[in-house]
Amino acid sequence: MRQALLERFLRYIKIDTQSDGKNLESPSTPSQFEFAKLLKLELEELGFHRVELSDKGYLSASVPKTIEGVPCIGFIAHLDTAPDFSGANVTPQLINDYDGSEIKLGEDEVLSPELFPHMLKYLGKTLITTDGTSLLGGDDKAGISEIITALHYLLEHPEIPHGEIRLCFTPDEEIGRGADHFDVPEFGAQWAYTIDGGQLGELEFENFNAATAVITAKGNNCHPGTAYGVMVNAQTMAARFHAKMPLHDTPEGSKDYDGFFHLINMQGQTEEAELTYIIRDFDLELFEKRKTWLTERVKSYNADLVLGSLEIEITDSYFNMKEQILPYPHIIDIAEKAITNQGVTPLIKPIRGGTDGSRLSYMGLPCPNIFTGGHNFHGKHEYICLESMEKAVDVIIDICKLTAEEQQA
């Protein structure tokens, strides 16, 4: 399976499928739909059943059950890559028998174990890197490659007992819309796993509670030559507001179970300016306190203004899936055992972000997240270990086996 997995992955990452948060259509970019069409043809040629591509860009398929009485489970990955960094003209480098040295990425960049010490875990392994001009696309084309490789193996080995297995590849996960048009009843699984994690062994069923806050500064524009006592510069108002945000309460100042405020966009002119923050916290009570605190800060800021004003609008994005998964401990137990069976120590940790699984869990499909084998997603230093990808394939296969064994026990 190693060569098929590698060839599949290298083929997929050459297709630029960045999503576009400014486009409200689904998928947000035509390239995602074209990629889904190619995958549909591949799944049909490989013998998958019920291969269907929706008009919103969701591709689903099935592996038929080989025994009765076993729950239908699913595996999910996403078609898009992050809009944060170029996904075009991906030129991967294969580093066989990695020796622990820094890896040159094109002419000007390096991938160094001094900056990324986790590279030293992969001595003697095969690494796949970028050439420094793009992201790699392992998030989540590694997940797609691993799911197809694993489930094709099960198709070719009907002697292995398992229930019906569903897969779905979703668009626009990177812009938070991957679950928008996901049809949970049609998918038909009792639970699922997103294959969208990072390093070898990761198993995640906690994620941030998430919201977006848009703060609009309302100023007053006029000719600068006659501005005295009249002009109110909305950009200055916005800048002063942000300057008084807590310095430690940011992504770069937080880790583990810490939450944060993150200014992701600042734009405007004299008349009107806009600050966009994302709000994150694992604890629901602290999450609500963060939203209240920011709202009160706006009110307090307005109270000190003579001219101009700030307005705030907060929209919830997703919630911590832990609350929806803990009532079904067997979902985690099976995945943990499958990882352990491969000689890998499960790395159970919170996701400092979100996945399709977080929203799907609240839509009635409990859906923890499993590793792909990659590191440094969304940038030019992204890399993935081929042997870790192989382990992910083995974990997927073993989850299907263990689900059947548990039901028969």
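Positions of Cβ are set from backbone N, Cα and C atoms, glycine also.
Owing to the predicted nature of the structure, the values given are computational and were not obtained by experimental measurement.
Going by what Swiss-Prot states, the Zn(2+) 2 site holds Glu174, His378, and the candidate of Asp131, Asp139, Asp196, Asp333 recorded there is Asp139. For the Zn(2+) 1 site that Swiss-Prot gives as Asp139, Asp196, the extra residue drawn from His78, His248, His262 is His78.
Residues Asp139, Glu174, His378 make up the record's Zn(2+) 2 site, and a Cβ search at 8 Å around their centroid adds Asp80, Thr81, Ala82, Asp84, Leu135, Asp140, Phe377 from the same chain. The two recorded residues, Glu174 (Zn(2+) 2 binding site) and Asp80 (active site), show a Cα separation of 7 Å. Each residue in Ala77, Asp140, Gly143, Glu173, Glu174, Thr194, Ile195, Thr355, Thr372 lies on the same chain as His78, Asp139, Asp196 and has a C-beta within 8 Å of the C-beta centroid of that Zn(2+) 1 site, without being one of the site residues.
Sequence-distant contacts (6 or more apart, same chain, Cβ under 8 Å) of Asp139 (Zn(2+) 1 binding site) comprise Thr81, Ala82, Glu174, Asp196, Thr372, Gly374, Phe377, His378, Glu382. Comparing Asp80 (active site) with Glu173 (active site, proton acceptor), their Cα atoms are 7 Å apart once rounded.
According to DSSP, Glu174 (Zn(2+) 2 binding site) is assigned to a helical segment. DSSP gives His78 (Zn(2+) 1 binding site) a strand state.
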